[in-house]
Amino acid sequence: MSDALKPLIGAAADRPLTRAEAEQAFTILFDGEATPSQIGGLLMALRTRGETVDEYAAAAAVMRAKCNAVRAPEGAMDIVGTGGDGKNTLNISTATAFVVAGAGVVVAKHGNRNLSSKSGTADLQGQMGINVMVGPQVVEKALNEAGIGFMMAPMHHPATAHVMPTRAELGTRTIFNILGPLTNPAGVKRQLTGAFTRALIRPMAETLGLLGSERAWLVHGSDGTDELTITGVSWVAALEDGTVKEVELHPEDAGLPVHPFEAIIGGTPEENATAFRALLDGAPSAYRDAVLLNAAAALVVADRAADLREGVALAAQSIDSGQARAKVEALSRITQDAR
């Protein structure tokens, strides 16, 4: 163990760390050179003062540098949320990923098990016969052959094991609760990313800009969800050409109706999988409209659609033509063969 982190903990409590200082601090953490007390001290100093964009970018850059990387085709994007919104909705970002892939955009989706939901993305994919616990080689095969791959965080970020026990003991949100969407192992340059609070969308968008993203939408629903909501207004921080612009979006902007929140509440993994299969079959529902809205946004970010209405049409075609279902079946086959 090293004492190099001690002065940085004190500095972090008093003032924002420079990007170089933050990179040094997180390198020490990820190299396993900090004690549990030092890790907790740094994380709580940052949380209490409030993390800066430079600190987010530094932590994410170090985490990316130490990950088990994936080579993704040009133009691949991520569709992901921070999780932690506590709303227990149906699996919207996961379904969106398959619909967007069915529309011809390669999706390199990064995620983890969602401890705040009855059924996270890993649970839904398991119900659909997809093995999420695969390494970079299998993910690369899936991206190239199926046009979609899922990267489970523990399989790609082994260095975070050094901080997990302390995070569990702290039992509160820290910088690590937002690092997942900022540390895609495939290094994608385009993202549709949900945040559990509106306050994070601009700083996360600015962080992705510092990390080299070309275009990204950071979103939060007015109902508290970490995605574009079908129940009313959503807030968006849109990164494009190095600048961030904040806008409000409404389902009607995409030609979609508003639905009550109760219509998108999820259940057990089995119940959510049943809803997902019905969506793939083309059944009309609030769930379908929520997925169409988010898929439309992703297709705009990917430059596949000029606006949300065109994106909705492309997303609906992906579902109704069977292309979205074909992506589920292809990913299941490739990942099961890897067992």
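Backbone N, Cα and C define each Cβ position, glycine as well.
Model, not experiment: these values are computed from the prediction.
Annotated 5-phospho-alpha-D-ribose 1-diphosphate binding site per Swiss-Prot: GLY81, 84-85, THR89, 91-94, 109-117, THR121, in sequence order, evidence recorded as sequence analysis. If you look up Swiss-Prot, you'll see GLY81, ASN112 marked as anthranilate 1 binding site, on the strength of sequence analysis. What Swiss-Prot lists as Mg(2+) 1 binding site is SER93, GLU227. According to Swiss-Prot, the feature anthranilate 2 binding site maps to ARG167, an assignment based on sequence analysis. Residues annotated as Mg(2+) 2 binding site in Swiss-Prot: ASP226, GLU227.
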- [ ] Round to a whole number and give the Cα-to-Cα distance in Å for the pair HIS110 (5-phospho-alpha-D-ribose 1-diphosphate binding site) and ASP226 (Mg(2+) 2 binding site).
- [x] 15
Task: Local Cβ density at ASN112 (anthranilate 1 binding site) - other Cβ atoms counted within 10 Å - done: 19
- [ ] Using C-alpha atoms only, work out the spacing between ARG113 (5-phospho-alpha-D-ribose 1-diphosphate binding site) and ASP226 (Mg(2+) 2 binding site) and round it to an integer in Å.
- [x] 15
Task: Residue pair ASP226 (Mg(2+) 2 binding site), ASN112 (anthranilate 1 binding site) - Cα distance, angstrom, rounded - done: 15
Open item on the list: Just to confirm: which same-chain residues, 6+ apart in sequence, have a Cβ under 8 Å from the Cβ of ARG167 (anthranilate 2 binding site)?
Closed with: LEU43, THR174, PHE176
Task: Under 8 Å by Cβ from GLU227 (Mg(2+) 1 binding site), counting only residues of that chain that are 6 or more apart - done: GLY81, ILE92, SER93, THR96, GLY194, VAL219, GLY221, SER234, ALA290, ASN294
Open item on the list: Can you check which residue among the binding-site residues HIS110, ARG113 has the largest number of Cβ atoms within 10 Å of its own?
Closed with: HIS110
Task: DSSP-derived structure type at ARG167 (anthranilate 2 binding site), helix or strand or else coil - done: helix
Open item on the list: I need the most crowded of these binding-site residues: SER93, ASP226. Count other C-beta atoms within 10 angstroms of each C-beta and give me the top one.
Closed with: ASP226
